[in-house]
Amino acid sequence: MDVLVWFRSDLRVSDHPALSRAATLGAVLPVFVADPQDWAAPAASGRHWAFVAAALTELGEDLARLGAPLSLRQGAAAEVLPRLCRARGIRHIVSHRRAWTAPRDAALRRVLEAEGITWEELSEETPGLAPPERLTPVEGAVAGLIPPARSLGLKDDPCPFAQGGGRRAGLQLLESFVTGRGTQAPVGSLSPLAGERSSLRLSAFLTWGLLSQAELRAALPGALPPEVVKAVTARLNARRRAGQLEGGAQPAAPLTAALAAFSEGRSGLPFADALMRYLRATGWVNAHARSLLASVALHHLGAEFSATGQMLARLLSDYDPAIFWFQLQKVAAARPLDPLRAGETFDPEGRFIRRWCPELAAVPQAHLHRPWRWSGAGSVLGRRYPEPLADPQKALREAAALHRLRLRDETEFAVIEDPRPFLFSPRAPNAQLTLDL
Ligand SMILES: Cc1cc2nc3c(=O)[nH]c(=O)nc-3n(C[C@H](O)[C@H](O)[C@H](O)COP(=O)(O)OP(=O)(O)OC[C@H]3O[C@@H](n4cnc5c(N)ncnc54)[C@H](O)[C@@H]3O)c2cc1C
């Protein structure tokens with residue numbers, strides 16, 4: 001039987017149960033569909049596509065080596081898949097199950113069934129399937145081209161230090177962690193400055209499935225201290241749990257002027273701005289920095305939840321709806337974080353701020369985190385660098401008061417209306433999200 005293997009967020013050939021399963025059934029047509037509905041989503045961005053496009057190049061090479069080149073198509077999956085099946089006389093599709101697209105997938109399944117096509121979905125952790133050494137290609141398959149970002153309606157999205165897409169870049173990063181970084185730095189450090197060394201930085205590779213969770217878990221022991229293996233395993237378990245969550249489609253939420261300024265790293269809060277610029281330039285920040293950025297937007301600037309989420313999601317190369325929206329909810333429900341104190345704690349010498357906010361070069365060290373207190377502030381603030389968008393102390397006080405009110409209301413609501421346990425315990429709000437995995 002000829003089989004279409006649908007690649008989605010699993011852009012690899014190794015440890016790929018769906019591909020292994022298909023190879024046992026007959027000739028294989030590997031397909032990736034760039035569905036405009038996905039790429040028109042308000043949380044999608046050019047940097048996401050750049051990562052995927054590089055991954056597809058390598059996936060195509062790997063599949064060609066195995067004997068069945070990748071067919072790339074642009075269009076609605078509900079039209080492209082039946083068309084490809086009809087053209088090649090295929091009646092069976094195999095893919096991995098993806099919880100966050102489940103509602104859409106149910107509709108797609110009905111379309112396929114109406115065409116007499118069965119769709120088999122496997123867990124990415126299905127055991128016991130040997131990797132194929134060779135694939136038999138479906139006859140007459142046409143490769144197609146990787147669509148340019150613009151044809152998917154994506155705007156230019158400069159990200160000069162973006163992580164290299166492609167599985168081999170991910171393997172190198174993993175190697176650098178298990179043989180070097182992970183053996184030295186304290187893993188799980190909250191400091192955004194230590195983050196690049198002390199955390200894996202493999203999230204984009206996991207989001208798009210260039211590496212499987214299983215191969216990551218298998219690579220961890222070895223040279224790494226047991227406490228590091230334990231910490232990373234806990235995070236991977238959180239990822240596995242998040243993989244069960246469904247995501248919902250969201251209408252585009254417009255940015256307010258304050259949120260737009262913050263998204264450019266121009267909120268007037270030096271450490272938060274430095275983090276935002278770093279995120280813009282790299283597509284990545286560690287977990288604590290994500291919480292801080294989200295907290296500033298939601299609590300200090302009072303920005304709306306969807307608008308905040310879509311703005312941040314577009315900047316994160318590893319945007320994974322199943323993880324992202326759940327984490328953002330946690331930040332929204334947690335105690336507001338103080339961006340000034342965070343800066344003083346994690347960047348006491350201000351090196352990170354000076355690196356990413358060069359406009360503050362003239363500000364003396366003692367005032368770098370709160371430049372408005374410097375007697376010479378007038379020469380910089382409101383000229384080269386903005387005044388704070390919101391009075392930081394007042395914003396924090398008000399946000400904290402709101403948070404306390406919310407907790408009180410939620411507690412009362414929980415007692416009177418709903419005996420089930422709270423998802424977020426009101427008595428133990430935990431803003432340091434990496435610690436409660
Ligand atoms: C507001 C907010 C938004 C986030 N959005 C995303 C997102 O879109 N995509 C994403 O992959 N992670 C997200 N995270 C979780 C976490 O911050 C990142 O996975 C992590 O910072 C990525 O860096 P790393 O690869 O160095 O991970 P490490 O800290 O070294 O952890 C290793 C791996 O474990 C997984 N992991 C770590 N923390 C979590 C978590 N809390 N939940 C689920 N899996 C986790 C990731 O796959 C990560 O690559 C978000 C966190 C917050 C607070």
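Glycine too: its Cβ is placed from the backbone N, Cα and C atoms.
So that you can see what the record holds, here are the features copied from TrEMBL:
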BINDING   Ser199, Leu200, Arg201, Leu202, Ser203, Asp318, Tyr319, Asp320  FAD binding site
DOMAIN    1-127  domain 'Photolyase/cryptochrome alpha/beta'
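The binding-site residues under consideration are Asp318, Asp320. Their Cβ neighbour counts within 10 Å are lowest for Asp318. As a whole-number mean, the pLDDT of the domain 'Photolyase/cryptochrome alpha/beta' (1-127) in this prediction is 96. For the domain 'Photolyase/cryptochrome alpha/beta' (1-127), residue counts in helix, strand and coil come to 62 helix, 26 strand, 39 coil, using DSSP. Across the annotated binding residues for FAD (Ser199, Leu200, Arg201, Leu202, Ser203, Asp318, Tyr319, Asp320), the two most widely spaced Cα atoms sit 18 Å apart. In this view, Leu202 (FAD binding site) is surrounded by 20 other Cβ atoms within 10 Å of its Cβ, with every protein chain counted. According to its DSSP assignment, Tyr319 (FAD binding site) is coil.
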